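Features from Swiss-Prot:
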SIGNAL    1-27  signal peptide
REGION    28-72  region 'Required for nearly all of the bactericidal activities'
ACT_SITE  HIS42  active site, proton acceptor
DISULFID  CYS50-CYS110  disulfide bond
MOD_RES   TYR60  3'-nitrotyrosine
DISULFID  CYS64-CYS123  disulfide bond
BINDING   LYS65, ASP66, GLN67, ASN68, THR69  substrate binding site
DISULFID  CYS82-CYS138  disulfide bond
CARBOHYD  ASN86  N-linked glycosylation site
DISULFID  CYS89-CYS98  disulfide bond
CARBOHYD  ASN92  N-linked glycosylation site
CARBOHYD  ASN111  N-linked glycosylation site
CARBOHYD  ASN119  N-linked glycosylation site
ACT_SITE  HIS155  active site, proton donor
Amino acid sequence: MVPKLFTSQICLLLLLGLSGVGGSLHAKPRQFTRAQWFAIQHVSLNPPQCTTAMRVINNYQRRCKDQNTFLRTTFANVVNVCGNPNITCPRNRTLHNCHRSRFQVPLLHCNLTNPGAQNISNCKYADRTERRFYVVACDNRDPRDSPRYPVVPVHLDTTI
């Protein structure tokens, strides 16, 4: 019985890892905490146009990311959303650490227009701006994160 249970647990962990529950197949670069990577990918008061803004993300991941959303607000404002009531994450219903913003913020959506680009310096994006609410997943900070915020955003789940 024990070997079967142990094998089942390993299979479950592998399945969770591949399905993205434990993280994305396009994981964050190792030098960043989840909160730091969230900030790089999703928080910018005045992001440049998408093609320029996405270069930083694509250089770290060594690929053209299909799409990305920048919240035009401060990291501190997103941290404050982590204090809103917990909700089930709309895009991953197994997670219950999401929080919805109380206010709409300006967003910049970036969509890759040339998915066949062989070189990351050739990634091109279409820009779309709008104002929306957003939902973020939050976790306790990593020891490498600033002690200023005990709970930090780690994932942009959706915009509403």
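Every residue number used here counts from 1 along the chain in the order it is shown.
Backbone N, Cα and C atoms are what each Cβ position is placed from, and that goes for glycine too.
Worth saying up front: this structure is predicted, and the values here are computed from it rather than measured.
Neighbours and distances for these, please.
Within the same chain, residues 78, 105-112, 114-115, 117, 120-121, 123-127, 134, 136, 139, 141-142, 144-145, 149, 152-156, 159 sit at least 6 positions outside the region 'Required for nearly all of the bactericidal activities' (28-72) and bring their C-beta atoms closer than 8 Å to a C-beta of that stretch.
In the three-state DSSP assignment, the secondary structure recorded for HIS42 (active site, proton acceptor) is helix.
Following the DSSP three-state reduction, the secondary structure of CYS110 (disulfide bond) is strand.
According to its DSSP assignment, TYR60 (3'-nitrotyrosine) is helical. Around the Cβ of TYR60 (3'-nitrotyrosine), the same chain contributes PRO29, ILE40, each under 8 angstroms and 6 or more positions distant in sequence.
Sequence-distant neighbours of CYS123 (disulfide bond) (same chain, six or more apart, CB under 8 Å from its CB) are THR51, MET54, ARG55, ASN58, CYS64, LYS65, LEU112, ASN114, ALA117, listed in sequence order. Mapped onto three states, the DSSP output places CYS123 (disulfide bond) in coil.
Proximity of THR69 (substrate binding site) to non-local residues of its own chain (separation of 6 or more, Cβ distance below 8 Å) is seen for HIS42, LEU107, LEU108, HIS109, CYS110, TYR134, LEU156, THR159, given in sequence order.
In the three-state DSSP scheme, CYS82 (disulfide bond) is classed as coil. For CYS82 (disulfide bond), the same-chain residues lying six or more positions away in sequence with a CB closer than 8 A to its CB are HIS99, VAL136, CYS138, VAL151, VAL152, PRO153.
Shown in sequence order, HIS96, ASN97, CYS98, HIS99 are the residues of the chain, 6+ apart in sequence, with a C-beta less than 8 angstroms from the C-beta of ASN86 (N-linked glycosylation site).
Within 10 Å of the Cβ of CYS89 (disulfide bond) there are 19 other Cβ atoms, across all protein chains.
DSSP classifies ASN92 (N-linked glycosylation site) as coil under the three-state reduction.
The Cβ of ASN111 (N-linked glycosylation site) has 15 neighbouring Cβ atoms from other residues within 10 Å, across all protein chains displayed.
Counting only residues at least six positions away in the same chain, no Cβ atom sits under 8 Å from the Cβ of ASN119 (N-linked glycosylation site).
In this view, HIS155 (active site, proton donor) is surrounded by 23 other Cβ atoms within 10 Å of its Cβ, with every protein chain counted.
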If you measure from the CA of ASN111 (N-linked glycosylation site) out to 10 Å, which recorded positions from the list ASP66, GLN67, ASN68, HIS155 are inside that radius?
ASP66, GLN67, ASN68
Taking helix as H, G and I and strand as E and B in DSSP, count the residues of the region 'Required for nearly all of the bactericidal activities' (28-72) in helix, strand and coil.
21 helix, 6 strand, 18 coil
Measuring C-alpha to C-alpha, could you say which of the recorded positions ASP66, CYS89, ASN92, HIS155 are within 10 Å of CYS50 (disulfide bond)?
none
Near GLN67 (substrate binding site), which residues of its own chain have a C-beta under 8 A away, given they sit six or more steps off in sequence?
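The list for GLN67 (substrate binding site) reads HIS109, CYS110, ASN111, LEU112, given in order along the sequence.
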